[in-house]
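> Let me give you the structure first, and then I'll get to my questions.
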């Protein structure tokens, strides 16, 4: 009995899948106008971003296997310079930063790698991936025709390429790396800075080509990429993108599966129907490489998040922050990938013929001697359409594409979701793990304390801390004469200007108030009347960084901390300008200096317990221990009763918490139909931008796990709980 088309198609798909497993064999990687070519075969490549430092090494095999099961061919990752070179010439490639291990795990799964060396990454990552020490190299100007910058970035790029070659990880060596990226979204920066930017683009392309990796280089959002470099598209939609040369394939390096969450912002999400539509439209217009940014977003552990970026980098990705499939997105895209692979022979062999089927409907047909594939599109956002194609009628929902791998049978429609979300809704379930908290109150320093230094005027925060801590103290004394009239009248007004990001003001050891900025407006002004007495008053300003900016120009000019003006209004003489007074400075908190987040450090201070535990007090450390819950479900801390600070598990920093920063925005009913933007579909409005904070299971011991919380604002520790993420 003969095989029908569907049976033949699935056999072909199986052959293609098997061929993708052969990653240990040396292969030649080239390209033409249609596609990337691996060993002489044009390929439609489906890729997903998974950033190795945003998950633990123990999570990597499962994440990559799920990506493979979801129909991906390629794993894409940035290389994170500041994680790998924390000090000049001192390199780190261990634990979450073990890049070689990550790539080998991908290879073992039978997938390819797209390595985005950059080394600028953006990625909502602290300082865009640049090491902070780079800012203080003499003569440094970032990302332009500047010799100190070019020397540093070339040295690091060469270091990474050399490592990859030594481990034989490029495809031409039998490894999985089929593509590399130099720079990142540089086109808009080049346009802004002009001629030096153009010179830098030319230089960086020539430098990359000179490294002889044997695989193609790409530059994303770089319309003037040289002929030897493939320019690619980033965005929510890229069907109208065209490379700058007829001999380059149409590639999409970032199809945004959702959007990042910022502290103070609502949580964005992107409907599965829309992202599937974006992929189908790109393919039907001749696209041959698609990468989902992100396929798994993960977590901004430690202090790796960019300015005001939440600790969760979930991104509404097909695999959620904890590595679990997000439905229906994961399965809906998995089905799409299978159907695209059925169309692959036609897609790589022919250009589409486009035919109108109605006012907002059209057919894109790929036909070769041995294959035919059709994409039927309905761009109407509100009305379904019945279209006639090839002598048959097809019903197309609004804002959708139907795919016919044999030009006859509809195998898939982007708006027809076959997975019921209600049956697999994920939620946080209490583990009933008991906590018994102890507290340690941080001391408020004074201007003459040990460990301080003094100078006239205000200093920029990061130039002193070098981003080794979020915290920096500005200290001075305010001497008030007994004849000041405000002592028997209205309190004076203290006004403080800061470049960001948050500020706690203490007067005579007591919290007088707090101010903080936002991602949109990181600069802040504290303006509040304060209580002063005759004699010497102690003013202590704790400036808090909430990540460093990750996008923009002239990184060397960016500032953080209290830069003024600082004024006191309401004194007898009118206003005192305190900006140029003598100030004392102190780096970090006492608890950090004592390493109270570690087991050894926590034993060096006295913890109050029982009824003496401080509650709703600023600058308080909390300590408890707990046993690991049974099972293997992912775990998180519910921090909804706390304000702002950081958390550690067994000495490892799980990130910044800031549940007291509630989400702005209007969360309204969101339709999949119509052009998507990052502000279209929102959740969590009026609630914490982030309530739950991932606790990796691999960081836990069976018993007696140490949890430490630094609370800046004041919170209720008894409300903290350990929860597990599981299906409803």
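These residue numbers are counts, starting from 1, taken along the chain as shown.
Just so it is clear, glycine is given a Cβ too, placed from its N, Cα and C backbone atoms.
Residues or ranges marked as active site, proton donor by Swiss-Prot on the basis of sequence analysis: 185. Residues annotated as active site, nucleophile in Swiss-Prot: 254. Taken from Swiss-Prot, the feature N-linked glycosylation site applies to 255, 380, 450, supported by sequence analysis. What Swiss-Prot records for 1-27 is signal peptide.
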> Provide the number of Cβ atoms within 10 Å of the Cβ of residue 255 (N-linked glycosylation site), excluding the reference atom itself.
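Around residue 255 (N-linked glycosylation site), other Cβ atoms within 10 Å: 25.
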> For the active-site residues 185, 254, which one has the sparsest Cβ surroundings, going by other Cβ atoms within 10 Å?
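Among the active-site residues 185, 254, the sparsest Cβ neighbourhood within 10 Å belongs to 185.
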> What is the interatomic distance between the Cα atoms of residue 450 (N-linked glycosylation site) and the residue listed as 'active site, nucleophile', given in whole Å?
50
> State the count of C-beta atoms found within 10 angstroms of the C-beta of residue 380 (N-linked glycosylation site), not counting that atom itself.
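Result for residue 380 (N-linked glycosylation site): 18 other Cβ atoms within 10 Å.
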> At a 10 Å cut-off from the C-beta of residue 450 (N-linked glycosylation site), count the other C-beta atoms across all protein chains.
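Taking every protein chain into account, the count is 6.
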> State the Cα to Cα distance, in Å, between the residue listed as 'active site, proton donor' and residue 255 (N-linked glycosylation site), rounded to an integer.
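Answer for this pair: 14 Å between alpha carbons.
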> How many Å separate the Cα atoms of residue 380 (N-linked glycosylation site) and the residue listed as 'active site, nucleophile'?
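Given the Cα positions, residue 380 (N-linked glycosylation site) is 25 Å from the residue listed as 'active site, nucleophile'.
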> Could you check what DSSP calls the residue listed as 'active site, nucleophile' once collapsed to helix, strand or coil?
strand
